[in-house]
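Colleague: Below is a structure I'd like to ask you about.
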Amino acid sequence: MSVELWQQCVELLRDELPAQQFNTWIRPLQVEAEGDELRVYAPNRFVLDWVNEKYLGRLLELLGEHGQGMAPALSLLIGSKRSSAPRAAPNAPLAAAASQALSANSVSSVSAPAPATAAPAAAVATPAPVQNVATHDEPSRDSFDPMAGASSQQAPARAEQRTVQVEGALKHTSYLNRTFTFENFVEGKSNQLARAAAWQVADNPKHGYNPLFLYGGVGLGKTHLMHAVGNHLLKKNPNAKVVYLHSERFVADMVKALQLNAINEFKRFYRSVDALLIDDIQFFARKERSQEEFFHTFNALLEGGQQVILTSDRYPKEIEGLEERLKSRFGWGLTVAVEPPELETRVAILMKKADQAKVDLPHDAAFFIAQRIRSNVRELEGALKRVIAHSHFMGRDITIELIRESLKDLLALQDKLVSVDNIQRTVAEYYKIKISDLLSKRRSRSVARPRQVAMALSKELTNHSLPEIGDVFGGRDHTTVLHACRKINELKESDADIREDYKNLLRTLTT
């Protein structure tokens, strides 16, 4: 079976899946042909199990449909194709069952002769050895002090401060925000997988997903999770060397080491940690010397069994100016998206923050704020702080009327921002689907009807032309938008549910 057939079927699957699902589970797969067999490699056991359970049946169905009736022999393995650099398989997957099924030095193979119709699960074959990155003894660290903390752009107010100096060359103050823990991280559908993966790494350092790569927009909780991992590691082992810093701090330290002719001390320092947590890795883009040094540091840490966690504002392969070899290595572990929180999670975040501040926040007031502040958690918390301050200074209870007063300028700005993006986000939340579903080519009614509603709202509430609306809905033709608008207008007359949905969405977007 040709690799081209596989790629063709993957492209068909891309059209069926939300972008986040495709990027997380299908995109990391590598494939190579071996005679009549197609070998598909997953970067770790968790991805292998998930693909086997959720997507293998559909993939086999597509391969059967487009393979001219030939029954493909497919093996799903942990590892990478032989043309790629060898790497270690994870030792402790997220699921307990997977942990029992996979040994530290094994590959799990799933073989499935597929008929032309959908095949369900595949049988697990005898594990075969996989090439692992050599594990070396940890370097001597007697000359280094433990370091934990954040050297990020905004130093948290409440933190444990530690100053670290490396033989006169490197000296900087770091902060670990003790208020960022797993216990006060509000979990929702948008961050559920990221939270679970971070907990697995924190509870089983060096034996979970390495590296763990979290990506998503600003203010969505990536940094919170990194601090939570660091706090948990130090709770389990107070002597652990956990380094949390912004990528720009790494660059600054390297520059300082070069100026002081202390690059060897720099290397020894960063390669002697138990866990390296680096925020906003996209700032390494187009910094060739920094990327070179980080590449070798990254390799040394993984070979030594030390944990690495990275974050970025975008999928690693989409970071322009970042070397391909770094992008490839970032995919060795688990890459997870953190999406904007849905309405229920935003309400839960507000209620939790109010409880921490010992402030009585009525549920309807929290719902009012959450409906209007949808961009990210940081803006949501900022709005709540303004409301609490206004309530305190005015000596009044928090009500919707007080919220309107304290957030007057912000709400006025939101009223002006009835954009197509805003409409897509609101409609997706209302129907409990993903924004990527609205942009996909899926035609099931559960997706197609909300998509038509969103198009009709975009025509009514924005000044965009039909071609412009079609373009931001996955590159659709203007006739598709016109049909959607006509269809929704008809349904508003004949379908009470659609009429009520449209009215509710219109009210949410304009009040």
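Quick reminder: no glycine exception, Cβ is built from N, Cα and C everywhere.
The shown structure was predicted, so the numbers you read here are calculated from the model rather than taken from an experiment.
Feature table excerpt (Swiss-Prot):
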type	residues	note
BINDING	GLY219, GLY221, LYS222, THR223	ATP binding site
COMPBIAS	135-144	compositional bias 'Basic and acidic residues'
REGION	1-90	region 'Domain I, interacts with DnaA modulators'
REGION	91-174	region 'Domain II'
REGION	128-162	region 'Disordered'
REGION	175-391	region 'Domain III, AAA+ region'
REGION	392-511	region 'Domain IV, binds dsDNA'
Colleague: Going by a 10 angstroms cut-off between Cβ atoms, which of the binding-site residues GLY219, GLY221 has the sparsest surroundings?
Modeller: GLY219
Colleague: Would you count the other C-beta atoms found within 10 angstroms of the C-beta of THR223 (ATP binding site) for me?
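Modeller: THR223 (ATP binding site): 24 neighbouring Cβ atoms within 10 Å.
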Colleague: Non-local Cβ contacts of LYS222 (ATP binding site) (under 8 Å, 6 or more apart, same chain)?
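Modeller: Same-chain residues close to LYS222 (ATP binding site) (Cβ under 8 Å, separated by 6 or more) are ALA194, LEU214, TYR215, GLY216, ASP279, THR311, VAL338.
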Colleague: Would you list the other residues of this chain near ATP - those whose C-beta lies within 8 angstroms of the C-beta centroid of GLY219, GLY221, LYS222, THR223 - in sequence order?
Modeller: GLY216, VAL218, LEU220, HIS224, LEU225, THR311, VAL338, VAL377, ARG378
